[in-house]
């Protein structure tokens with residue numbers, strides 16, 4: 001593995017973990033009204049397209065980062081639905 | 001420009017614009033306490049590393065997306081400092 005791929009992985013960890021605080025807050029407060037459903041769908045689409053881009057370019061850092069973000073965003077979407085009555 | 005690069009640009013627009021709602025909310029409410037300073041610095045570091053990755057791999061979609069995100073995050077950091085007394 002080249003240095004630049006390690007750079008890509010670290011970048012991915014930084015940007016993907018930025019979703020965690022919001023996920024944790026949502027779990028604690030059992031509320032998810034700050035973020036709009038539309039924004040989540042846009043984010044999910046972006047993650048999916050980045051995965052397509054990463055696969056086409058064989059760039060593992062992009063694939064793994066966006067797969068992890070996609071997973072976190074799907075969990076947020078489920079929580080947003082689960083807690084919709086608490087909003 | 002190949003199809004896959006267009007896919008990358010669309011992915012970038014989707015994921016970068018996801019920062020906008022929070023920026024707009026911060027400007028409206030003149031408050032930025034929801035997001036921690038630490039998380040912003042992690043995000044900025046991630047954007048900067050992705051730009052480095054994009055330049056090394058000559059991937060324009062990655063460079064432009066993360067430059068735009070870096071700009072939005074710097075604005076958020078300035079707002080967070082500017083409105084720190086409102087928290």
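Each Cβ is built from the backbone N, Cα and C atoms, and glycine gets one as well.
Feature annotation from TrEMBL assigns transmembrane segment to A:6-25 (among others).
Feature annotation from TrEMBL assigns transmembrane segment to A:37-55 (among others). Through the fold, the transmembrane segment (A:37-55) approaches residues 61-63, 65-67, 69-70, 73-74, 76-77, 80 of its own chain, all at least 6 residues removed from its boundaries and within a Cβ separation under 8 Å.
What TrEMBL records for A:61-79 (among others) is transmembrane segment. Listed as Cβ neighbours of the transmembrane segment (A:61-79) (distance under 8 Å, sequence separation of 6 or more from its ends, same chain) are residues 5, 8-9, 11-13, 15-16, 19-20, 22-23, 26-27, 32, 35, 37, 40, 43-44, 47-48, 50-51, 53-55.
Packing against the transmembrane segment (A:6-25) from elsewhere in the chain are residues 34-35, 59-62, 64-66, 68-69, 72-73, 75-76, 79: each is 6 or more residues past its ends and has a CB under 8 Å from a CB in it.
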